[in-house]
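First comes the structure, then the notes that go with it.
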Amino acid sequence: MAAGMLTDREREAIVSNLTKDVQALREMVRSRESELVKLHREIHKLKSVLQQTTNNLNVTRNEKAKKKLYSLPEQCGEQESRNQNPHLCSSCGMVLPTSPEFALEALSLGPLSPLASTSSASPSGRTSADEVRPKAMPAAIKKQGVSAESCVQSMQQSYSIPIPKYEKDFSDKQQIKDAIMDNDFLKNIDASQVRELVDSMYSKSIAAGEFVIREGEVGAHLYVSAAGEFAVMQQGKVLDKMGAGKAFGELAILYNCTRTASIRVLSEAARVWVLDRRVFQQIMMCTGLQRIENSVNFLRSVPLLMNLSEELLAKIADVLELEFYAAGTYIIRQGTAGDSFFLISQGNVRVTQKLTPTSPEETELRTLSRGDYFGEQALINEDKRTANIIALSPGVECLTLDRDSFKRLIGDLCELKEKDYGDESRKLAMKQAQESCRDEPKEQLQQEFPDLKLTDLEVVSTLGIGGFGRVELVKAHHQDRVDIFALKCLKKRHIVDTKQEEHIFSERHIMLSSRSPFICRLYRTFRDEKYVYMLLEACMGGEIWTMLRDRGSFEDNAAQFIIGCVLQAFEYLHARGIIYRDLKPENLMLDERGYVKIVDFGFAKQIGTSSKTWTFCGTPEYVAPEIILNKGHDRAVDYWALGILIHELLNGTPPFSAPDPMQTYNLILKGIDMIAFPKHISRWAVQLIKRLCRDVPSERLGYQTGGIQDIKKHKWFLGFDWDGLASQLLIPPFVRPIAHPTDVRYFDRFPCDLNEPPDELSGWDADF
């Protein structure tokens, strides 16, 4: 029957059948997507198990842990089960990593029944052991932080230690420069710094068959191939070959890292150019400090700006852009509207003026040179230029600042002409906080639980593991009472080997002196021959990372609450001149009420209000561009990381992520505008993320004149109860029931550490 002959009832039947078919297909797609998600989770679990098993291959089956801390006594009904199964650890009752059950249990949804605890609910009504038993293993791998050696000593000596220079002819310099500009990461370095790097590279000859770098070894040098042929190898297999003029090993000039490939010489008379990491850091630091000092001195010479605080002058110096004008160029034309201010850094300009609008002749008024400025009235309002400014031969370099950038940093200058342009109340609060921290005697920082000894602590369970050590849940028996703490155990030898002593002391001082409900408390510290210990507040609600892993992502209201808690912590820290530098879900914990606390201050540092620091540290997916490029950084990096965290909470993954750290850094340097946001992330959330993750630090929300209040007032937070959060009267979006003080149901399971670290007796921790 022709389509036009169909009755209304027949058409409705056809439409109904088609609708059913579409619904069936949609259901099939949803089912397949669900299966795909499950498969991805199983893959993540398998990766986690393989990684954990690989890390424990060196553990011998018969080796026993020698603990300084005393284990929790066996519970009823467990001893018999452990004696019957040789694959259970005698100390903690967990499956040994060397046993076949370890891999099977980690892949299952829960513990295998033959290995499960047999204890039942106690008469007191506590939850049974099975109900509080932690999950088997993480289904995804946690992000790891990285750090170079502390730059504190280098900053103090940056001008006193000469930077090494090595003679080269023009072709050698050009070869190195071309290799740098051909590298995705190195090409982002400023031209003036590239010249310094080229001058500081030295030549090294390498025989045929020798390795320039070896896979698995820790590196500290950048190389540029100068002559010969080289093989790129992984696990003994040749992946590629390269000739002269290629840069490689660039990750090693940022921080201590393990080489992921080998470079072997194939030809005779091979030669490379070499740059040491310490020299790279010194160059970047010295040039950065010199640039800031010069710019601030320039700005201070301008009467309109002379009353600005050191902090604001440093901020303005950050947004100054270097522009070159060829000889004869009109930088400013008389009578045109202007919105930019200029400082001459190199060269000369001629100032001319037409005496009348109709006059064909320009009268020369004077010549301006290095250190002079013009166009400053444009910072106040739209200025009609009253003269011409013309670049003289051979050209002129100017530092420029536009009115919009200036207003974002300090507000309307018209309202501040007769007073200090700095934020007086904020500066006073920061000064008082810093003096309080600086003047506080060391004895006062360790007053809580002064009579508690390391031997008073009894290990209940492991809450987490990392490269530096473990975090244990412990009971403290003292003064006729029992308290519960988290004990962070850090291997002293590993700290010394990675040159992290300065970071550990900084973490100790900052945490002992911090008093905020949004920051995990550090009560006191201990030390022995093998470890330094931090006795911390136990946050038994578990990690935000674990919740994110299990849920996939958070809804807006939950993400807003988490970010709100982080902002409260940042407001406290930044007011005291402290930057955090390691924000990520792995470092956020829930207390028993469901409030979020920041933990792990290993990368935190007190730098004051107008200073910068140069140490590369953070988590690759979260580091800001200025950290990657060694430009010097301050609290603006925390606002960048806040934007990354919002994206990860709402989407389940950070916006910049790649299998290799250097690939991740290159993605970060391309910028947030290159990221395609998923449709389920709201428009206001996307806008906030983009305003936090600006390449230029001074353009980030939170770093401008309104401070953190600018973030709190953003439309993504519309209707959020900030007063309720600050007073902790706001009901959290997730409250996780905790049966008793040692209920570890919200933590993953971890095997015993059977490798006892060597003694470390250098004495660096004498004041710990």
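The count begins at 1 with the first shown residue.
Heads up, the Cβ atoms here are built off N, Cα and C, so glycines get one too.
The candidate list LYS488, LYS492 contains one residue that Swiss-Prot assigns to the ATP site with LEU463, GLY464, ILE465, GLY466, GLY467, PHE468, GLY469, ARG470, VAL471, namely LYS488.
For the ranges 114-134, 345-365, the feature annotated in Swiss-Prot as region 'Disordered' maps to 114-134. In the structure as shown, the Cβ atom of THR260 (3',5'-cyclic GMP 1 binding site) sits within 10 Å of 15 other Cβ atoms. Break the domain 'AGC-kinase C-terminal' (718-768) down by DSSP state and the numbers are 5 helix, 0 strand, 46 coil. Counted within 10 Å of its Cβ, the other Cβ atoms near GLU376 (3',5'-cyclic GMP 2 binding site) come to 18, all protein chains included. Put simply, of the recorded positions LEU463, GLY467, GLY469, ASP582, the one whose Cα is nearest the Cα of ALA378 (3',5'-cyclic GMP 2 binding site) is ASP582. Each residue in the domain 'Protein kinase' (457-717) has a pLDDT score, and their mean in this model is 95. Distances between the Cα of ALA252 (3',5'-cyclic GMP 1 binding site) and those of the recorded positions ARG366, GLY375, LEU463, VAL471, ASP582 are shortest for ASP582. Comparing the Cα of THR260 (3',5'-cyclic GMP 1 binding site) with the Cα of every entry in GLY375, GLN377, ARG385, GLY467, GLY469, these being the binding-site residues, the smallest distance points to GLY467. When secondary structure is read from DSSP and collapsed to three states, THR386 (3',5'-cyclic GMP 2 binding site) falls in the coil class.
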